[in-house]
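See structure below.
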Amino acid sequence: MSSVRIECVAKEGCRIGESPVWDEKEGALLYVDITGRKVCRWSPVTRQAQAIPVDAPVSSVALRKSGDYVITLGTRFAALKWKEELVTTITQVDTDKANTRFNDGKVDPAGRYFAGTMAEEIRPAVLERHQGSLYTLFPDLSVVKHFDQVDISNGLDWSLDHKTFFYIDSLSYSVDAFDYDLQTGKIGNRRSIYKLEKEESIPDGMCIDTEGKLWVACYDGGRVIRLDPETGKRLQTVKLPVDKTTSCCFGGKDYSEMFVTSASDGMDKEWLSRQPQAGGIFKITGLGVKGIPPYPFAG
């Protein structure tokens with residue numbers, strides 16, 4: 001589509017930018033820099049990003065119904081008060097493991113915060129395998145573990161009818177679907193709906209549009225791809241000027257803009273000189289589809 005435009009809107013490169021979330025109340029884009037250990041908020045009005053430093057790798061951020069935000073920090077679910085720059089632990093997971101951390105997380109339509117873990121990386125995408133698990137933080141602040149043996153717990157979202165949960169364990173090179181029970185938050189009947197092509201590389205973060213199609217950021221693939229979860233077909237590819245595209249979300253006034261995070265960790269000087277925008281936040285316009293607002297955590 002010739003009308004697609006890509007612009008790097010936040011150029012202060014993240015080491016590992018992740019978890020973009022549109023905050024409608026603030027009219028701003030939230031995201032995290034995992035290894036840079038900061039939660040960021042970029043304003044399209046000022047064209048500037050504010051950052052709050054934290055004390056551990058921070059891998060996802062979500063809105064909170066009562067105000068402010070919740071984050072996954074190290075192996076903790078935590079609350080973040082933005083103005084006070086105050087982080088308080090809600091609860092900890094993986095207490096039996098020495099070297100794991102949370103990775104991607106997202107809130108379901110009932111206000112539960114889903115997030116998974118992985119082993120700490122030796123270098124990007126190189127790590128001890130099968131160390132991760134998928135968890136849910138419920139609004140009453142209790143935690144449920146769904147399964148373990150995960151390599152890199154990553155992209156997640158729900159179908160528009162809330163009956164299917166979509167999930168990515170990156171090193172499986174697959175986008176998976178589960179039956180989803182919105183009443184209980186239980187998942188089951190796992191199946192693969194799309195296997196990535198070689199040039200698409202590693203599936204990372206993911207979001208859904210108003211037509212029920214999935215958008216997946218391809219780490220080391222330098223693109224986002226649009227998939228039909230019903231047919232398992234790829235419908236569209238949008239290439240970006242950086243290889244390490246990590247996640248995507250819709251935002252802007254009417255959720256017609258797509259924001260894509262990226263990473264610079266693991267790139268040498270020569271690679272970075274070829275891709276000076278690595279670690280930047282990109283805005284894609286002209287896709288012709290819209291996204292849905294993020295759900296806030298109900299606890």
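Cβ coordinates come from backbone N, Cα and C, glycine included.
Pulled from TrEMBL, these are the features on record:
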DOMAIN    16-264  domain 'SMP-30/Gluconolactonase/LRE-like region'
BINDING   E18, N154, D204  divalent metal cation binding site
BINDING   R101, N103, E121  substrate binding site
ACT_SITE  D204  active site, proton donor/acceptor
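Per-site Cβ counts within 10 Å over the binding-site residues N103, N154 peak at N154. On the 0 to 100 pLDDT scale, the domain 'SMP-30/Gluconolactonase/LRE-like region' (16-264) averages 97 in the predicted structure. For the recorded divalent metal cation site, residues E18, N154, D204 set the reference point as the centre of their Cβ atoms, and the other residues of that chain within 8 Å of it by Cβ are S19, N103, D104, I152, G155, I168, S170, G205, A217, Y219, T246, S247.
For E18 (divalent metal cation binding site), the nearest neighbour among the binding-site residues R101, N103, E121, judged by Cα separation, is N103. The distance from the Cα of N154 (divalent metal cation binding site) to the Cα of E121 (substrate binding site) comes to 14 Å. It is 10 Å from the Cα atom of N103 (substrate binding site) to that of D204 (divalent metal cation binding site).
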